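Shown next, in structure tokens, is the structure this report addresses.
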Amino acid sequence: MLRTTVGCVGVEERDEEQEDEGEEDLRDGGVPFFVNRGGLPVDEETWEQMWRHVARIHPNGEAIGKRIRGASDLPKIPTLSVPTYQPTTSIPQRLEAIQKYIRDLQYNHTGTQFFEIKKSRPLTALMDIAKEMIRESLPIKCLEAVILGIYLSNSMPGVERFPLSFKTQFSGNHFCHIVLGVHSGGRFGALGISRREDLMFKPLEFRTLADLVQEFEGAYRGYWHTLRKVKIGQYVSHDPHSVEQIDWKHSIIDVDKLTKEELRRELERHTRDMRLKIGKAAPPSPTKDRKSSMGSPLRNPGSPMRRNSRIERRPSGEKKVLDPKPPPDMNGYQIRV
């Protein structure tokens, strides 16, 4: 029920399809982590595997695990309450409340991701996982924070949400991170979680998408990381019952191959693409009869085919149409550090 998942360290272009499906890591640098595939409550095998992994990756080794597991006076961790708002609460204040909730869950340092996130699942299935995250109130990693941010902002129709992924390089190794970009009232911002304070939340104050990306690039420079790629998805539906799949990387931009002005033009092009998609009606959610015939999206390995808009994705500067790819192999899915 566990599968080791390695980060972007040493990943070349042949892993392009999977390299962003993972986890920002500025300290461990590619140390594998596990994904809990057995659900909750955690079974005994997964539990013991997690503590063995902690002993391997923690500076204090087995001592830290023994000290925690042997303690009899550990406080009971309360279940956090999701944000609630008054009708007069502004959009920036609501986003800050969502970010506070995500932050209060805390970053997961155990080396075992508690919730399995498969990007190929329909949106309705990912929203079910978000509900489970809320019930359990466990620490999360960055991809889990994106799913949670989508769920908590579904009731805010004036806010558009989109995946925003980064690939950086430091000391010859590559690292990946993902946040949830937000756009409202002509301004951009971001929600998410990270080990680093300046690599997650960004207030809704950036005039363009380029300004937001440059803000993250400046934060990465502070950790001696060079931004290599930016991957931007399309706006995510506000319908929690939608059977659409999230378009995780409609545009793939090779930052190191572009000048600042070329990068800005590419990001402006993607912004126009996202705005055009808003007016297009999404496919209707299935009726109750169709839902019963489809079965549970969490248990059915045959999730819907990728949308045609995936074919429209273009690497930076190129406008040719790519051949559609077959559905991903669900069994080979990995979330990366």
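Just so you know, glycine gets a Cβ as well, placed from its N, Cα and C.
What TrEMBL lists as region 'Disordered' is 1-29 (among others).
For 13-26, the entry in TrEMBL reads compositional bias 'Acidic residues'.
Per TrEMBL, the feature active site maps to C142 (among others).
The feature active site is assigned by TrEMBL to H177 (among others). H177 (active site) is surrounded by 27 other CB atoms, counting those within 10 A of its CB over all protein chains shown.
If you look up TrEMBL, you'll see S194 (among others) marked as active site.
Taken from TrEMBL, the feature region 'Disordered' applies to 270-337 (among others).
The compositional bias 'Basic and acidic residues' annotation in TrEMBL covers 309-323.
Rounded to a whole number, the C-alpha distance linking H177 (active site) with S194 (active site) is 8 angstrom. With respect to their backbone Cα atoms, C142 (active site) and S194 (active site) stand 6 Å from each other. The active-site residues considered are C142, S194; of these, S194 has the fewest other C-beta atoms within 10 angstroms of its C-beta.
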